[in-house]
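Annotated features in Swiss-Prot:
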BINDING   D91, D93, D95  Mg(2+) binding site
BINDING   C92, C108, C115  Zn(2+) binding site
Amino acid sequence: MTSTPGATPPASSLDPAVAARLKRGADGLVPAIAQQYDTGEVLMLGWMDDEALHRTLTTGRCTYWSRSRQEYWVKGDTSGHVQHVKSVALDCDADTVLVKVDQTGAACHTGDRTCFDADALPLGK
């Protein structure tokens, strides 16, 4: 399903009280960090608009907005690497979403467990 983020969502969309708190970027999106609920492992960063957050909250599966494909995607629908939502929270500025999930398989499209496994940067001395 394709749509434009930030466009007027359907009437059944995100709770207005939650929507009023969100601080979105100019593109209508907020960063969404997926974290393994029981280990604290940071898995990936995706993007959500109001509709993606609504779907995540109501279906129990993470829905993201693909900036490259300009469409919604549910993590695991293609790969089988599903993110089952355990909790969702806003940060103190309400400009980032933390989604605690139970990750099945790899979180990264490369096949790695997380999107942060492959490219650790050296620290200066």
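For all residues, glycine too, the Cβ spot is worked out from N, Cα and C.
Everything Swiss-Prot records as a feature, shown here on the structure.
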{"residue": "D91", "record": "Mg(2+) binding site", "DSSP (3 states)": "coil"}
{"residue": "C108", "record": "Zn(2+) binding site", "DSSP (3 states)": "coil"}
{"residue": "C115", "record": "Zn(2+) binding site", "DSSP (3 states)": "coil"}
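Long-range Cβ proximity for D95 (Mg(2+) binding site), meaning a same-chain Cβ under 8 A and a gap of 6 or more residues, is found for L22, K23, R24, V30, P31. Cα to Cα, C115 (Zn(2+) binding site) and D91 (Mg(2+) binding site) are separated by 21 Å.
For the binding-site residues shown (C92, C108, C115), fewest C-beta neighbours within 10 angstroms: C92. Here the binding-site residues are D91, D93; the one with the fewest Cβ atoms within 10 Å of its Cβ is D93. Listed in chain order, the extra residues whose Cβ falls within 8 Å of the Cβ center of the Mg(2+) site residues D91, D93, D95 are K23, L90, C92, A94, T96. Recorded residues D91 (Mg(2+) binding site) and C108 (Zn(2+) binding site) have their alpha carbons 23 Å apart, per Cα-Cα distance.
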